Amino acid sequence: QNEETWDFVLVSDIHEMGSEKENKRKKFLEELSKKGFAIKKIEDTKLFYGVRAPQHIFWKYQCFLTNSNIRQRNSSANQDIPVTTRIRVVHFILRNTVTSDLEKLSDLMEKKVFEAAFPLHKNEEIRQILKKKWARWRVMFKEQPIEEIRCYFGEKVALYFAWLGWYTYLLIFAALAGLATVAAGATVFSSSQVSKEICDANTTIMCPLCDQNCSFWVLSDTCTYAKITHMIDNEATVVFAMFMAIWATVFLELWKRQRATVATNWDVYGWDEEEEELALHLINNSQHEPQPYQHSYWRSTIVLILALLMILVLIGIAHALVIYRAVAMALFTQSEVSLLSRHADTIAVMTGAVLHYLTIIIMTKVNWQVALFLCKLEKPRTPSQAENNFTVKIVIFQFFTNFSSLIYIAFFLGRINGHPGHYVRIAGHWRLEECHPSGCITDLFIQMAVIMVLKQTISNIMEYLVPWISHQLRKKQKSPKKRSMMLGEEEEAEDPCKRQWLHNYELNEVNVFSLFNEYLEIVIQYSFTTIFVAAFPLAPLLALINNVIEIHMDAIKMMRLRRRMVPRKAKDIGIWLQVLEAIGILAVIGNGLVIAITSDFIPVQVYKYMYSPCARENHTSMDCSTGYINNSLSVFHIRDFEPHTKVLPEFNGIQLKNCRYRDYRNADDYTYTVQFWHIFAARLAFLILFEHVALCVKAIAAWYIPDVPQKVKNLILKEKHSNLQNELSMTEYSTEV
């Protein structure tokens, strides 16, 4: 049975005899033979080479491991090597074998000498368990078999699923809190004084929302939106934002504990990646010299400048979207189609969001290439260092791609566009868009909802359909030829390996980035779930639904649609932990800014305590926010409109002398009122207070929950003690002798 287990399969086109590619292939296979590899060739429409490493390679690996990892000293040196370790070692040797022309496998694949190299999905018992307990839809709500995933795909993949499962589990609490916030808003909003005043304001005439063909409008038209806005913009949101800041910290702290337990159970707690890499290099080539650490300030400066330029480009794209919305708004309002002109603002925001989604898709591909280019410039020492550098760059680029539009809507929209009679204009022509009549947070809510729903739905469908379709196409391309060849031949027993190798070859290929893509997708989703959650409390719920589907979709892709991933060893989720911690801090800042700047929470509070009837005299029976809407609207005289503004001065047959707009300005010279500066000061004070309190609470939570459980610490302590005792007894024994 051992004779027919093959560690890796190399696939090549059938080249002409004596051609350059044929010679290069022979040279590579000869190098492997010199190292003692067994090679089996099967010819079909392609050439398949099964590769099996000699046993002495694994004995060497075990010796290195036994010496470095004290925990395994007692274990017998001849125990069976796990399949995942075999594949990992063989993959490393294949990747680092150099031919006489100084070419490695990656060079040969670029030159199309070899088409593919992959380990096999074998019909092991463990694979059947995973297919039954994990890679199917009906086990959606059951616990994942993490131990089996580790035995089949290695520690790195198992840790990803353990982390994703843990994140999904903790999202339940965040989702419930989000639902509670919306429910609180839904029960409170119908009786809210502010939305009641908006709905009753049928005599409050508002200034036109555009320059040409826009009429005045009545504030009570936005009644429905005002009610919805109050559903997400109320006192409960402040508590929820604070809760999410703490939740993000607790999630990471509890994950660190979970990780420590898992790593100890798997014997990788003290595992050293660098040592493992050096050991593998020495097994492959005993003359190997380690590559020294290097750092070039010149290179780092170039990379920094180029990265900043890329970020500026991404911010520029966000500006382009802003200009699009301003121009679209102007064109839609002047449109002959009444549907377009009536809902111009909503349509402009909606189409803007769709455009934003398209730019995300295009720029993701661009960011990828730029990040790869910058990584090559840095010349990282090891593959793991290269992966870390690449991760940081791509996360920063993707953050700006996904969030620059949202940052504009949250903090700049409606604040930099001037006032009636003196609007800020693009190219002196188009007015910058205003906030939604019912408040700026409505725009952010719409944008978040569109992106969360669109992004997750479309990317999930694509993520499953693309591999499935390409797998079906690969099967169709490769199967018929195989059958016709078999029909033409005489009846001979088919090699049992042939069918297995062909079946594996028909699956979609995997690469270094297969797992990276899954991480990146979830990390971007985590940013959406935490950073602007105050404007969209349903984000955790959508993330939860998405993740439950995502786990099993990834499982089905890995088990049924893709070739087997090369198992990699790991003791944690690596640099992603620092990325998540950075997002946690951004979430505090983001939510603090949303409540302080975007929402009407602060203006309402300032009004209640300084300007309302309650502040002037002691009215206990009265709602203190009575009169807030009238107070928050400034008066504009129609005679002061700019000359090219075409507005009819009458509305419903009444001659108008002035209209109202949302701002705190004096009626005579349009300068800011004292109340504006009061609110400004209150916003700043709230922001500083919220951030400091939230960051302190985060720090306390991080201190309160130890990263490593006591059980794990005690286990490690015992082991160190017993190992030292053994060494002592050995020394005593040798001195006696």
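Heads up, the Cβ atoms here are built off N, Cα and C, so glycines get one too.
The domain 'Anoctamin dimerisation' feature in TrEMBL is assigned to 80-146. In this model, the domain 'Anoctamin dimerisation' (80-146) carries an average pLDDT of 88.
The domain 'Anoctamin transmembrane' annotation in TrEMBL covers 149-718.
Tertiary neighbourhood of the transmembrane segment (157-186): same-chain residues 143-144, 146-147, 149-150, 230-234, 236-237, 239-240, 243-244, 247, 250-251, 254-255, 258-259, 262, 515, 518-519, 522, 526, 529, 533, 537-541, 543-544, 547-548, 550-551, 554-555, 558, 565, 567-568, 570, 572-573, selected by CB-CB distance under 8 Å and a gap of 6+ residues from either end. For 157-186 (among others), the entry in TrEMBL reads transmembrane segment.
The transmembrane segment annotation in TrEMBL covers 236-255 (among others).
Here the transmembrane segment (302-327) has Cβ contacts under 8 Å with residues 348-349, 352, 355-356, 359, 363, 367, 370, 374, 377-378, 393, 396-397, 400-401, 404-405, 407-408, 426, 430-433 of the same chain, all six or more residues outside its ends. Sequence annotations record features per position, and here TrEMBL assigns transmembrane segment to 302-327 (among others).
Sequence-remote contacts of a segment are chain residues at least 6 beyond its ends whose Cβ falls under 8 Å from one of its Cβ atoms, and for the transmembrane segment (347-374) they are 303, 306-307, 310, 314, 317, 321, 324-325, 328-329, 332, 340, 389-390, 393-394, 397-398, 401-402, 405, 433, 436, 443, 446-447, 450-451, 454-455, 458. Annotation source TrEMBL lists transmembrane segment at 347-374 (among others).
Among the features that TrEMBL reports, transmembrane segment is placed at 394-413 (among others). Here the transmembrane segment (394-413) has Cβ contacts under 8 Å with residues 307, 310-311, 314-315, 317-318, 321-322, 352, 356, 359-360, 363-364, 367-368, 370-371, 433-435, 440, 443-444, 447-448, 451, 520, 523-524, 527-528, 531-532, 535, 579, 590, 593-594, 597-598 of the same chain, all six or more residues outside its ends.
Positions annotated as transmembrane segment by TrEMBL: 523-552 (among others). Panel annotation: around the transmembrane segment (523-552), residues 134-137, 139-141, 144, 161, 164-165, 167-168, 171-172, 174-175, 177-179, 181-182, 232, 237-238, 240-241, 244, 248, 395, 398-399, 402-403, 406, 410, 441, 444-445, 448-449, 451-453, 455-456, 460, 576, 579-580, 583-584, 586-587, 590-591, 594-595, 598-599 of the same chain, lying at least six beyond its termini, place a Cβ under 8 Å from a Cβ of the stretch.
Residues annotated as transmembrane segment in TrEMBL: 573-597 (among others).
The transmembrane segment annotation in TrEMBL covers 680-705 (among others). Proximity of distant same-chain residues to the transmembrane segment (680-705), defined by a Cβ-Cβ separation under 8 Å and at least 6 residues beyond the stretch ends, is recorded for 238, 241-242, 245-246, 248-250, 253-254, 257, 584-585, 588-589, 591-593, 595-597, 602, 605-606.
Long-range contacts of the transmembrane segment (573-597) within its own chain (CB-CB distance under 8 A, at least 6 residues past either end) are made by residues 159-160, 163, 237-238, 241, 244-245, 248-249, 252, 255-256, 259, 384, 387-388, 391-392, 395, 410-411, 415, 441, 444, 519, 523, 526-527, 530-535, 683-684, 686-687, 690-691, 694-695, 698.
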